[in-house]
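Asker: Okay, these came from TrEMBL:
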DOMAIN    2-122  domain 'Response regulatory'
DOMAIN    143-214  domain 'HTH luxR-type'
MOD_RES   Asp52  4-aspartylphosphate
Amino acid sequence: MRVVIAEDNVLLSNGLELLLTAKGFHVAAITQDAPGFVAAVTEHRPDVTIVDVRLPPTFRDEGIHAAIHARRQHPGLPVLVLSQYVEQQYAGELISDGRGGVGYLLKDRVSRVSEFIDALQRVAAGGTVMDPEVIGQLLTRHARDPIAALTPREREVLALMAEGKDNATVAARLVITENAVHKHIGNIFAKLGLSPADSGHRRVLAVLTYLNRH
């Protein structure tokens, strides 16, 4: 099984290589930055990848962003994120593409080699493996997101509002009445916590809330 690793810590990457080789994996490439990872995936077409969230030069979210980019280029590419950090926004995006073959483990919570190897194999087979701490943080973020409370129809209405469409145009686009649009917009305002006292600005504030999350 071919593996590509993106990890800037040389001791950790070398340790992973020794461990995986001993377990019968073939480490096709080890990269220390995001561009190198994407290039290695294209060159070696690995069966599974291991990626750290924070890579040079800024050590913020380059690794997981590169993983998302690589999965767009190579749909279904198995990715196991191995990191000290939970990047909630990108972790959610990585998981929510619906293709499977995704894992997110925290380095300081991987207590046994057998657990790590099992997780890697499950991801390679198209499964999903998540550290409970990662799941907890994602659920907390989701609960705090007011957009998450909107129904699919309300999200469609808000998306058209964000495009600058008036109520009549929204109604025509969604093939519903203007009264229905008015009702949906009222529900949107309520769920986003926009007070009637802000009546002159609620439409703008709702659109800004939507755009801030897209």
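Glycine too: its Cβ is placed from the backbone N, Cα and C atoms.
Worth saying up front: this structure is predicted, and the values here are computed from it rather than measured.
Surface or core, plus neighbours and distances: that's what I need for these features.
Answerer: Close to Asp52 (4-aspartylphosphate) in the fold, though at least 6 residues off in sequence, lie Ala6, Glu7, Asp8, Asn9, Gly63, Val81, Leu82, Ser83, each with a CB less than 8 Å from its CB. In the three-state DSSP classification, Asp52 (4-aspartylphosphate) falls within coil.
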